[in-house]
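What follows is one structure encoded as structure tokens, with my remarks underneath.
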Amino acid sequence: MAVVTASSAGPSYAPEDPTLPKPWKGLVDGTTGFIYFWNPETNDTQYERPVPSSHAVSAPAHKSSVFVSSSVEKPSQGQRYDADGGHNRGSNNKIARSSSDRFHDGTSVHEGYGSLGVGSDISQESYCRRNEISVTGGDVPAPLTSFEATGFPSEIVREMHQAGFSAPTPIQAQSWPIALQGRDIVAIAKTGSGKTLGYLMPAFIHLQQRRKNPQLGPTILVLSPTRELATQIQAEAVKFGKSSRISCTCLYGGAPKGPQLRELSRGVDIVVATPGRLNDILEMRRVSLGQVSYLVLDEADRMLDMGFEPQIRKIVKEVPVQRQTLMYTATWPKGVRKIAADLLVNSVQVNIGNVDELVANKSITQHIEVVLPMEKQRRVEQILRSKEPGSKIIIFCSTKKMCDQLSRNLTRNFGAAAIHGDKSQGERDYVLSQFRAGRSPVLVATDVAARGLDIKDIRVVINYDFPTGIEDYVHRIGRTGRAGASGLAYTFFSDQDSKHALDLVKVLEGANQCVPTELRDMASRGGGMGRARNHWGSGPGGRGGRGGPYNSSYVGRNGGHGYDRGSRDSDRYGHGTYNADAPRKRSRSRSPNIGSGWSGKKSRFTD
């Protein structure tokens, strides 16, 4: 459990917090683990965080773009949540809007973790402005800019420092106090922003307060689009949940169900799962979600892009309507907005950066090289030789065949290894472990690894082939420049990619990057097709109605968008036709132009 260990039920001192006004001190209730505050001169105690009277600021009760708040607000006795701890929802998990509070006793179980202000050396407005934080919602707590200010148990704070983190990232700083109040959240932030710990840390505290019998099912459920991201989330949960003594299992396709079912039968607090595999196990009646009170949708935009919406909605129907729901996404298209409106109640939206346009990480230096296809091999070798030996580098290819071919050519001199959908789970795990350890410092991958792959110290990303859409480009290069580090991205761009030229120019300009003259010329000649549509392909399209054959989203057979409702595997595509772990035959509708993708009636997912 995520508790503060103490020899008795008496209070103990909280970690030193230099932002507290003197002479106030933080104390931890030895029974509940709540943080409260004590003035040794007056012997007053209170849950509200004390603020200097000279610059106390009241929290606005209206929606705000940059939020300012300064103290814990105890819920009034008139505010009550449902008896089982959640907002009122309809029978189909459709929102039944209610002003009721979340806990039946009239107080929040997270009072001690409420709106803890930022340090006196920087105003909350300045912090939000500097980190491009905007918040929509009423009575939103101020960001927590230090681990000590969070009120997390000292063991968790110690683990964060031991992992090399000096302070919360912006998404953590703003989302933690909201989540700790038990509220629903939509958090929109770029990849590499620290979102995983943004929801895991409050999950540990949630477990401390509301842990159920793990033999009867999990308390925490995290849904993830890919097995790679799911296993990484599990690793983070185990790493930072040691002091909380949590049990966590991971459910994903492409691996035998037996070991996963055995772990479930032993009882777990947290389940991290891909939607397809979890649906399989639900249909087998081998897991119950009836105790889940904390639900996370990680990379929600990617899950919808991959067509998981039917599976997600089916899963959510198995989860109690009285729950806390957190949705994390890198982008904010219409589909994500719709499912957020359906599944979340009175949510607070936290934005890091501009969510209305696709923005690349500005800490990544992007080099676009307009080259002929036959020049790519020579150029990639030049780039690899120019880097420090042992530097971790990811090279993205558009097809499995090219991925294998390129890795074979680079293995001898550069220690390259390949990962794609035809690799077994064991092969993938081995290649990733070798890459993480630096024994195979060059990873050649298809887009199966483009989202959710969280490996530290990736110095360079090379786009050997340009992806099928500008969104995937941004997510690919986002493998480097993570957690505040700088990164390099090289992209080979050919005439066959000219339809993406205008969109690429916009991304480069938005990140203050140099735009090559040749690329700008391509865009001026009409490349990109971006003027007739937005980034989400909402313009007129073919049978799928999703923006025509150049839309970067995935389109199933007969215009269907995504995976089959009856899919049996987390990686099966369309009407049960796509399986990332089995060899696939090429469709006869494949265009002879390699760069043109699939026709409008077929899936354009090439991995």
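If you go along the chain as it appears here, the first residue is 1 and each next one adds 1.
In case you wondered, yes, glycine gets a Cβ from its N, Cα and C as well.
LYS195 (ATP binding site) counts 25 other C-beta atoms within 10 Å of its own C-beta, drawing on all protein chains shown. Secondary structure at LYS195 (ATP binding site), taken from DSSP and collapsed to helix, strand or coil, is helix. Residues or ranges marked as ATP binding site by Swiss-Prot on the basis of sequence analysis: ALA189, LYS190, THR191, GLY192, SER193, GLY194, LYS195, THR196.
Here Swiss-Prot flags 1-10 (among others) as compositional bias 'Polar residues'.
Per Swiss-Prot, the feature compositional bias 'Polar residues' maps to 89-98 (among others).
The compositional bias 'Gly residues' feature in Swiss-Prot is assigned to 538-548.
Per Swiss-Prot, domain 'WW' is recorded for 18-52, and the stated evidence type is sequence analysis.
Among the features that Swiss-Prot reports, region 'Disordered' is placed at 1-25 (among others).
Under the heading region 'Disordered', Swiss-Prot lists 66-108 (among others).
If you look up Swiss-Prot, you'll see 519-607 (among others) marked as region 'Disordered'.
Annotation source Swiss-Prot lists motif 'Q motif' at 145-173.
Under the heading motif 'DEAD box', Swiss-Prot lists 298-301. For the motif 'DEAD box' (298-301), the DSSP-based tally of helix, strand and coil residues reads 2 helix, 1 strand, 1 coil.
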Count of other CB atoms lying within 10 Å of the CB belonging to THR191 (ATP binding site): 22
Structural state of ALA189 (ATP binding site), classified by DSSP into three states: coil
Listed in sequence order, residues not in ALA189, LYS190, THR191, GLY192, SER193, GLY194, LYS195, THR196 with Cβ within 8 Å of the centre of the ATP site Cβ atoms: THR169, ILE171, GLY198, TYR328, ALA330, ARG482
Segment confidence, the domain 'WW' (18-52), expressed as mean pLDDT: 73
Binding-site residues: ALA189, GLY192, SER193, GLY194 - member with fewest neighbouring CB atoms within 10 Å: GLY194
